[in-house]
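Chemist: There's a structure below that I have some questions on.
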Amino acid sequence: MAFLEDGNHTIVTEFILLGLTDDPVLRDILFTIILCIYLVTVSGNLSTILLIRVSSQLHHPMYFFLSHLASVDIGISSSVTPNMLANFLVKPNTISYIGCSIQFTSAVFLATVECFLLAAMAYDRFVAICNPLLYSTKMSREACIQLVVGSYIQGLLNASFFTLSFFSLIFCGPNRINHFYCDLAPLVELSCSDVTLAVVITSISAGFITLTTVFVIAISYSCIFITIMKMHSTESRYKAFSTCTSHLTAVTLFYGTTMFIYVMPKSSYSTDQNKVLSVFYMVVIPMLNPLIYSLRNNEIKGALKRYLGKKIFSYGNLFCKTHYNDTHQV
């Protein structure tokens, strides 16, 4: 049942997600593409986490943050992708009121955590390049744990503000969300109550998160670039800058898309364009992050080669021993 009668009002109990398209051919194509992206996202980020855990060479603060970033990327993608895939197969694709709030809250929580993790990683690079002698002190295990825990706490705080805003909205009319997941903008459009308070609270909260993390990242990289330019050796400059390129690429993709979706005036682009940007933000970027950090990072590539080399060597020894035993038994 999509509606309940509450006195003189009709209360929405479930929503219909319209998804990306109604074209049956395009739906099949998109289903295949997004399913492949999701599988690569989960496998790629899990591989990153496992590689960091098993490789002692990667037991450094930067990779500690990266392992948490990979976990968050799996969560972000998993919060919307399974439901999006179901939308391609089932019509209409409904989601309950509580289910919508859970999806909405989890997406906000994980995106906020990612913002602060990216800021923590920028600070880590700042200390490593600008204050290398103090690196072991400033980026101790305790400090790294505090930064990660702080990221999750900020995620919970921001998600709580968005959750309260969601439950302050009353839905008594149309229940068709013109999106592939429960996002704030289409929910506000469907609300039949005053949305001013909800919009103000979420705008202030999201604005604070964005400005704080962007400020930390901008200051960190400004100091990094100044330090790099002061280096006399070209090789030293290249080595220092190469340690930042992966993170800088990830930051540019994440914040560039975020700014376009949530900062640009809605009149400047259509709802369909917003959906495409949201797919890139929620589905594609979590897949790209492990590729960015692995392809542009010599330490990760080296650890992967060593790990695969050990596996191949152990399997080779096992095969030789088995073959040797079989030969002598004959």
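Including glycine, each Cβ sits where the backbone N, Cα and C put it.
According to Swiss-Prot, the protein carries these features:
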type: TOPO_DOM; residues: 1-28; note: topological domain 'Extracellular'
type: CARBOHYD; residues: N8; note: N-linked glycosylation site
type: TRANSMEM; residues: 29-49; note: transmembrane segment
type: TOPO_DOM; residues: 50-57; note: topological domain 'Cytoplasmic'
type: TRANSMEM; residues: 58-78; note: transmembrane segment
type: TOPO_DOM; residues: 79-102; note: topological domain 'Extracellular'
type: DISULFID; residues: C100-C192; note: disulfide bond
type: TRANSMEM; residues: 103-123; note: transmembrane segment
type: TOPO_DOM; residues: 124-136; note: topological domain 'Cytoplasmic'
type: TRANSMEM; residues: 137-157; note: transmembrane segment
type: TOPO_DOM; residues: 158-199; note: topological domain 'Extracellular'
type: TRANSMEM; residues: 200-220; note: transmembrane segment
type: TOPO_DOM; residues: 221-240; note: topological domain 'Cytoplasmic'
type: TRANSMEM; residues: 241-261; note: transmembrane segment
type: TOPO_DOM; residues: 262-274; note: topological domain 'Extracellular'
type: TRANSMEM; residues: 275-295; note: transmembrane segment
type: TOPO_DOM; residues: 296-330; note: topological domain 'Cytoplasmic'
Chemist: In which DSSP state, out of helix, strand and coil, do we find C192 (disulfide bond)?
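Modeler: In the DSSP reduction, C192 (disulfide bond) maps to coil.
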Chemist: Cβ pairs under 8 Å only, please: of the recorded stretches 29-49, 58-78, 200-220, 241-261, which one is richest in them relative to the transmembrane segment (137-157)?
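Modeler: Answer is 58-78, with the largest number of Cβ pairs below 8 Å.
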Chemist: Could you check whether the transmembrane segment (275-295) and the transmembrane segment (58-78) come into contact, where contact means at least 3 Cβ pairs under 8 Å with the two residues of each pair 6 or more apart in sequence?
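Modeler: Yes, these stretches are in contact.
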Chemist: Just name the most isolated of the disulfide-bonded residues C100, C192, going by other Cβ atoms within 10 Å of its Cβ.
Modeler: C192
Chemist: With Cβ-Cβ distances below 8 Å as the criterion, list the same-chain residues six or more beyond the ends of the transmembrane segment (58-78) that contact it, or say none.
Modeler: 38, 41-42, 45-46, 48-49, 51-52, 106-107, 110-111, 113-114, 117-118, 120-121, 124-125, 128, 139, 144, 147-148, 151, 282-283, 285-287, 289-290, 293, 299-300, 303
Chemist: Below 8 angstroms Cβ to Cβ, which residues of this chain, lying six or more residues outside the topological domain 'Extracellular' (79-102), approach it?
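Modeler: The answer is 2, 12-17, 19-20, 27-28, 30-31, 34-35, 37-38, 41, 110, 163, 166-167, 171, 177, 180-182, 187, 282-283.
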Chemist: What does DSSP give as the helix, strand and coil breakdown of the topological domain 'Extracellular' (158-199)?
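Modeler: DSSP classes over the topological domain 'Extracellular' (158-199) add up to 22 helix, 2 strand, 18 coil.
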